Amino acid sequence: MTKLLAYFPSPPQGVWHLGPVPIRAYALFIIAGIVAALLIGDRRWEARGGERGVIYDIALWTVPFGLVGGRLYHLATDWRTYWGPGGAGFGAAVRIWDGGLGIWGAVALGAVGAWIGCRRHGIPLPAFADALAPGIILAQAIGRLGNYFNQELYGRETTLPWGLEIFYRRDPSGYIDPHSLDGVSTGQVALVVQPTFLYELLWNLLIFVALLYADRRLTLGHGRLFALYVAGYCVGRFCVELLRDDTATHIAGIRINSFTSTFVFIGAVVYLMAAPKGREDPESLRGNQYVEEEPAEPEPATVAATTEAATEGVAAPADGAEAAGADATAQRPEESAEPDVEKPESEETEAAEEASEPEAEEPEAPEAEEPEEPETEEPEADSGEEPEEESGEAPEQLVAEEPEPAPQQPETKRRWGARLRERLSGR
């Protein structure tokens, strides 16, 4: 009874078949961990000032690179299993769904993919890593459940009350082996071991909570939160490696992952101390896509239409004035030298008009005489103008007499002046 309450068993199998398609627990937990990391990372990225959805775009680079890097690290540190005497061969080396991912390779090559994605979006890689750090450690915790279903990465034999029972499994060919990934448990216990997968799972959950707390209290940025995650994970991984008893590469009697954890921990601590304090400017997290789209916002169709309408309203009086000036010039050549039609009474304009009239009065002399004949009050002015124009007398005498001899000119000026004022008032 005490044994049943103390030890906990391994799952009876780690793979199920949906027809010809195998459904592996290890792959399901890896996918679940990736989804959880992306969901948490996206929310954290938006909370820091970034644009929502960018995490998923960069994940298209990060996840494939991370999976390949994790597999390469596993093959490099456990090469005898595949290419040593009696090794599984190249076919087993590429079957990533059978298990075997090294977190250090996944983080290293995944960082390369993240750098490519961040560069394409114009956002800083350290800020992206800070937003994703808690999600990564949570994904690692979820992924350890896949090791539990595969009966792998366990520790040395133990008599502790929380020991893990490893069962013999029979594969479809009838071969019985506790390491069979496709087999089903026979119910016979092969050994009781340290549940190192559980130790690392609990440690990762503790780091996950610690990262969230530190990020809120200390406002870590510029990659410092990610460095804290790496340093914290290295401590736990170093301790777990001391308890593991599975096949691994050793250097001077020490597992290679222990060396890796030590060096990576030192690098993380150095970066944590050297990186800038505080957080990035939220505007720097928007990326180049947001900046490129921003100038288009203040130029909607309504603003353009309003600008055009205002331009037309201002240009209409000017156009009307230009058209009026053109018509008047075509009809009266002598008025081409009159720039201001609204001020016929000013002395300066009258002097300018009189100066220009002698040059253009010869063709219009009869026109000025026709309307003057029925008028009884202006014969003297007409007769006085003719000798003045012909003899070229001084313009002083014409200043006072100019409005009277040609009644058509002031009428035309008033007409165009009134029309111009109406258009300007309509503006």
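Cβ atoms are placed via backbone N, Cα and C, with glycine included.
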Quick one: sort out which of 53-73, 221-241 is the transmembrane segment according to Swiss-Prot.
53-73
Considering only the recorded stretches 21-41, 53-73, 122-142, state which has the highest number of Cβ pairs under 8 Å to the transmembrane segment (96-116).
53-73
Paired segments the transmembrane segment (21-41) and the transmembrane segment (122-142) in contact, 3+ CB pairs under 8 A
yes
Outside the transmembrane segment (122-142), six or more residues from its ends: residues with CB under 8 Å to it
29, 32-34, 36-41, 44-45, 48, 50, 54-55, 58, 103, 107, 111, 114-115, 200-201, 204-205, 207-208, 211-212, 215, 220-226, 228-229, 232-233, 275, 279-280, 284-289, 291
